[in-house]
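What Swiss-Prot lists as transit peptide is 1-23, and the listing cites sequence analysis. As annotated by Swiss-Prot, site 'Transition state stabilizer' applies to Asn190. Summarising the annotation, Swiss-Prot assigns NAD(+) binding site to Gly266, Ser267, Thr268, Ala269, Thr270, Gly271. As annotated by Swiss-Prot, active site, proton acceptor applies to Glu288, with the evidence given as sequence analysis. Taken from Swiss-Prot, the feature active site, nucleophile applies to Cys322.
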Amino acid sequence: MLSRTRAAAPNSRIFTRSLLRLYSQAPLRVPITLPNGFTYEQPTGLFINGEFVASKQKKTFDVINPSNEEKITTVYKAMEDDVDEAVAAAKKAFETKWSIVEPEVRAKALFNLADLVEKHQETLAAIESMDNGKSLFCARGDVALVSKYLRSCGGWADKIYGNVIDTGKNHFTYSIKEPLGVCGQIIPWNFPLLMWSWKIGPALATGNTVVLKPAETTPLSALFASQLCQEAGIPAGVVNILPGSGRVVGERLSAHPDVKKIAFTGSTATGRHIMKVAADTVKKVTLELGGKSPNIVFADADLDKAVKNIAFGIFYNSGEVCCAGSRIYIQDTVYEEVLQKLKDYTESLKVGDPFDEEVFQGAQTSDKQLHKILDYVDVAKSEGARLVTGGARHGSKGYFVKPTVFADVKEDMRIVKEEVFGPIVTVSKFSTVDEVIAMANDSQYGLAAGIHTNDINKAVDVSKRVKAGTVWINTYNNFHQNVPFGGFGQSGIGREMGEAALSNYTQTKSVRIAIDKPIR
């Protein structure tokens, strides 16, 4: 009996340790009470093959509310073996389900998903505000565009056409558009849900399957929305969501031989690295990268309207916008007038709690981003830029920065050349059209530009000459689901939204049929 007891003791300890691991394992869903008082259930597991699961290595990370610096919840962290499992599920779903269903089935699922986003729009907007720090004003705008874009993608699903090609009477020749397969998608933290829709929408419409990595700082909305995919009728394995680091999940997706395409939105430096890694397996790559966009104000513009557009162009979403109009060029004859108007308008903007309905600018997304922005303030001052307003942290808790204007800058200053990704704008003066075009184009980036003038001939001329993928005239940060968006130069490759986005997710096959008896 004694020997039996001794022999059983190790097994008892193993059993006890197993129980401890089981009960200490982080949950796959948690109830969260939003700052507006509403409670919802937040998925916290990896979403693989239609289920929320713990990561194989049981690693987790905390998600922080940028507005109060407090922990929201803990989320499972994917590693390489989780990526492999998700890719295998996506590959199987592609081969056996999604690529072979009738296009109208994919269309209906995307329409359903758009409807579900609308149904849960207030919850999704609140999740974005809590997780990202953006104001509800911004978050609601994001969610509205998400549903519109998913519906647009649904409309394209049964309109992916090939061509019949005249190659003479001895052959019948045609081309068809086919999906690629498993698509790896890596989205940023500034527009989590919007970028989720920009990535999965065209991929699903064209018959591909997806393994998507949200940013570590903002994974919650993508996880919540993944369960809406199930409800919409999208089969298991078609959409997989893997919270985790870029160095692990992003790297593995970019290198994985069964991933046929990578779509990335983020920094130019990371985009370059992804291209290098993806080149080993010759993947199709689309990149939406950084920007340092010019916003030009001519003397004949409606100056009050121009000032509002300038502010919206740089301070919207706390300045965390890839196409933010961060370089302002004002014609010399109205320079001081516009600068004063901009100062007054900037100081009227309310900064603070994202759930305050009167707040325009919420928090920066992370402590890291907050200090990066404040470091650029110090750099600008040291280089001799004139601080007009802002230039400091707002409050003592939360990652808030006062909207900041620097004037009288020189074109070789770092604050003019480098992407800050925050609520900081530089202001310069110009005299002639040729002068401002030269300054506007003196950048490695080419994502967007703004032009403010009441002279339509001048507007068209300048829009042709400025090197940017999107040009806004007498408006800024004005998006539509059917208008392609993407950059020139080191701002990226490929286009998001509109018909142009679909080509990123298809490949062309040509078919020639020999005709024994010539067709007459």
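For all residues, glycine too, the Cβ spot is worked out from N, Cα and C.
Shown here: features listed in Swiss-Prot, placed on the structure.
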residue : record                             : contacts (Cβ under 8 Å, 6+ apart)
Asn190  : site 'Transition state stabilizer' : Asn132, Asn317, Glu320, Val321, Cys322, Thr365, Phe421
Gly266  : NAD(+) binding site                : Ile186, Pro188, Gly246, Leu289
Ser267  : NAD(+) binding site                : Leu289, Gly290, Glu419
Thr268  : NAD(+) binding site                : Leu289, Gly290, Glu419, Gln444, Tyr445, Gln490, Ser491
Ala269  : NAD(+) binding site                : none
Thr270  : NAD(+) binding site                : Gly246, Gly250, Phe264
Gly271  : NAD(+) binding site                : Phe264, Leu287, Leu289, Gly492
Glu288  : active site, proton acceptor       : Phe264, Thr265, Cys322, Phe485, Gly486, Gly487, Ser491, Gly492, Gly494, Glu496
Ask   = Looking only at Cβ atoms, how many others are within 10 Å of the one on Cys322 (active site, nucleophile)?
value = 26
Ask   = For the NAD(+) site given as Gly266, Ser267, Thr268, Ala269, Thr270, Gly271, which other residues of the same chain have their Cβ within 8 Å of the site's Cβ centre?
value = Phe264, Arg272, His273, Ile274, Leu287, Leu289, Gly290
Task = Look up Thr268 (NAD(+) binding site) in the DSSP assignment and report helix, strand or coil.
result = helix
